[in-house]
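S.K.: Shown below is the structure under consideration.
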């Protein structure tokens, strides 16, 4: 007969070694920050000299922190953050990641169907797991090098790609992946940074203090550049503006899938709608030939000055969700500070942080619950902005998570990715 565990002991065990409770606390801060960005009212930009603007830190930065922690979690899956050396180990980890990615992506896709207007991060989070697959076996040095390249060169490369893409005819998938609220190349770099971070000895005071110092320097540089030459205003959308025809400027994966299905249904013999050959394919008497539209394409390109301005903006923009290099450096540094400080403080007072650490161990459940609450209160495309609601969600999340952990264990939605990941790996 299996011995039952007392609820209090189960809660205490959730923060005991080898688990890193500071990571869970940092994760719950990211979740609560994103919830605040969705439902709480407050300033839209931060001024270092004005403490009353500090609540604006919830814009953009929690998403970066969430992506960084995703990388840390992937590294910890390999066995306390060590680089896997066995081919079988790497294969098993990759299969687990694929299973978890699918589960998280599906949950996010279902949430997008509610039409709340929230830029659901879970679908993108699932995509991040997929793009992490090639780097599971990578050396820490390789992770750092690729991170630096993506952070410093990625935004400028995106600006060039946007300039070269045909105006008004951008694939919805490209628009979302490259220029949505979460530009993939930029967040990919943050994910890899988290994977490198997870390889470090995160119980060492010296290592954590060093991370705080690096984070402070990076934040100072990133936001310093942004304040001098960039923008502090959050953009309505990424660099590649997509309009779904209904006035929406926040594309999501549901929109992408819907558009792709419509395009497929309109295709004629494999040709895209709008193509002269497609429009005339049903007319047997139509003349054959080639109608070149390269002239229209070259005319549609902006001036060289527009390209230069776009590249400059991609470098110096530090605004939330801008995807600029300055935002990458500044927000990445801010995320490092949060993770290192959480681990420094929580590891020395584990029991005091049990409620927050337990809540941080149920990110899927808490995030999903807040989207559903917004849907119930506001309906499809509704807006819900209420500070009392925000604090109710925070307090309710902590109470629910700790009650569930005490009497049941692992979070309800957290079981699905774990189960699917284990099934994919044959476990």
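Backbone N, Cα and C atoms are what each Cβ position is placed from, and that goes for glycine too.
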S.K.: Which one of 207-229, 230-252 shows up in TrEMBL as transmembrane segment?
M.R.: 207-229
S.K.: State, in range form, which of 93-111, 143-165, 207-229, 353-377 has the highest count of Cβ pairs under 8 Å to the transmembrane segment (20-40).
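M.R.: Most Cβ pairs under 8 Å with the transmembrane segment (20-40) come from 353-377.
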S.K.: Decide whether the stretches the transmembrane segment (117-136) and the transmembrane segment (353-377) have at least 3 CB pairs under 8 angstroms, with pairs required to be 6 or more apart in sequence.
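M.R.: Yes, the transmembrane segment (117-136) and the transmembrane segment (353-377) are in contact.
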S.K.: Most CB pairs under 8 Å with the transmembrane segment (328-346): which of 60-81, 93-111, 143-165, 207-229, 389-408?
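M.R.: Ranked by Cβ pairs under 8 Å, first place goes to 207-229.
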S.K.: Restricting to the same chain and to residues at least six past its boundaries, which positions have a Cβ under 8 Å from a Cβ of the transmembrane segment (207-229)?
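M.R.: Hits for the transmembrane segment (207-229): 48, 197, 200-201, 312, 315-319, 324-337, 339-341, 343-344.
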